[in-house]
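Data first, discussion second: the structure below is written as structure tokens.
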Amino acid sequence: MQSATFTLSPSLRLPKPRRQSSATLNPRFDPIRASASSKPNNLTPHMNGTLSASLPRRSWSLSSSSSNFKLRPWTSMPLVDSDAGTSRFEVRATAESAEESSESSSMFKTLELGALFGLWYLFNIYFNIYNKQVLKVFPNPVTVTGIQFAVGTVLVLLMWGLNLYKKPKVSGAQLAAILPLAVVHTLGNLFTNMSLGKVAVSFTHTIKASEPFFSVILSAMFLGEIPTPWVVASLIPIVGGVGLASVTEASFNWAGFWSAMASNLTNQSRNVLSKKVMVKKEANMDNITLFSIITVMSFFLLTPVAIFMEGVKFTPAALQSAGLNVQEVYIRSLIAALCFHAYQQVSYMILQRVSPVTHSVGNCVKRVVVIVSSVLFFKTPVSPINSLGTGVALAGVFLYSRVKRIKAKPKTA
């Protein structure tokens, strides 16, 4: 009969012991001694007893055996597959890496959007300042607007020619649908330049703050979009603020006032037409492509009108005969035209990244920045009541952009 012998076996494989003399080994006393029915093959009795006694208590487990002394895994914890552990480590590392990549990507997008807003405002400021300086010494708004469209057309053709932006394939039906947009776009920018040539930059932008009023009226007339009571209420401070600023404006004249109002009407007509007659959006017809096509069409539409109405007055000989510094006028006109095209391109880039409401709020802030910067640069005299009217109008625009997304509740039967 074989007797069952209880042995204490370590959970980890023991390294092969170095051969040392018995005098160098100093076995530690342990009350629990291990015994085996047969001796291990590779250890002497003395060495076996010594190692058994010197191992830590927690590394041993009781086991019943009737054969030779064998090493077994720990019973205090389950057997772990090394490959599975590595796999879990890799999954965790991948998850942490993906989370860090997502955070860095989100931060980069936020910084990119902030940079675009900064460029939008900066280009707008420089356009208004240099454009006003040109119009003060060269009061030919049709020619100035035509030059701006000409520079924009050159930039668009360069983008398409150098493959910086995909060249669109436009059909005749699409061009026919875009033509009305190009007409009102041309008129809107022309009327804006006419107003800037007659009144202060700050006053022009204060009047242009009433664009939401025309948007609501035209949308209701041609699109059947009935405004909510909140939208109607937001128009009250806009109209009241513009009226108060107009009464107290030092540079006020009716030509500048009605030109700015006509600019509001045409610009909002463009938005309404884009919803009503524009062809369905295709892969090659995004906002930037549409703006580029409109810019080229506006150049061809306005150039003959400028020659017919104002003649050819932008030649060096004509400018010199008018007593103007040719180089200064050319440089300022070029900067104004580049900024004119750049700020509209950036505006469409922002619109592709944010909601229309966020874009409207950003546009309202842009007007504030342009008004303040122009007042400081040109040292425009502004009375307290005029400032109050401008502030009320801009506050109304901000309120309009916020309440516009509130939809009316459907009527229940």
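Using the three backbone atoms N, Cα and C, a Cβ is placed for every residue, glycine included.
Just so it is clear, the model here is predicted, and its values are computed rather than measured.
Annotated compositional bias 'Polar residues' per TrEMBL: 1-10 (among others), in sequence order.
If you look up TrEMBL, you'll see 35-50 (among others) marked as compositional bias 'Polar residues'.
Look at TrEMBL and you will find 112-401 tagged as domain 'Sugar phosphate transporter'. Per-residue confidence over the domain 'Sugar phosphate transporter' (112-401) averages 88 (mean pLDDT, predicted model).
According to TrEMBL, the region 'Disordered' annotation covers 1-50.
Among residues of the same chain six or more beyond the transmembrane segment (113-130), those with a C-beta under 8 A of the stretch's C-beta atoms are 196, 201, 205, 332-333, 335-336, 339-340, 342-343, 346-347, 349-350, 353-354, 362, 365-366, 369-370, 373-374, 377-378. Sequence annotations record features per position, and here TrEMBL assigns transmembrane segment to 113-130 (among others).
What TrEMBL lists as transmembrane segment is 142-162 (among others).
Look at TrEMBL and you will find 174-192 (among others) tagged as transmembrane segment.
Per TrEMBL, the feature transmembrane segment maps to 213-239 (among others). Packing against the transmembrane segment (213-239) from elsewhere in the chain are residues 264-265, 268-269, 271-272, 275-276, 392-393, 395-397, 399-400, 403-404, 406-408: each is 6 or more residues past its ends and has a CB under 8 Å from a CB in it.
Away from its own ends, the transmembrane segment (288-309) comes close to residues 140, 142-143, 145-146, 149-150, 152-153, 156-157, 159-160, 165-166, 168, 170, 175, 178-179, 181-183, 185-186, 189-190, 341, 344-345, 348-349, 352 of its chain (Cβ-Cβ under 8 Å, at least six residues beyond either end). The transmembrane segment annotation in TrEMBL covers 288-309 (among others).
When Cβ-Cβ distances below 8 Å are used as the criterion, the transmembrane segment (384-401) is approached by residues 202, 206, 209-212, 231, 234-250, 357, 360-361, 363-364, 367-368, 371 of the same chain, each at least six residues removed from its ends. Annotation source TrEMBL lists transmembrane segment at 384-401 (among others).
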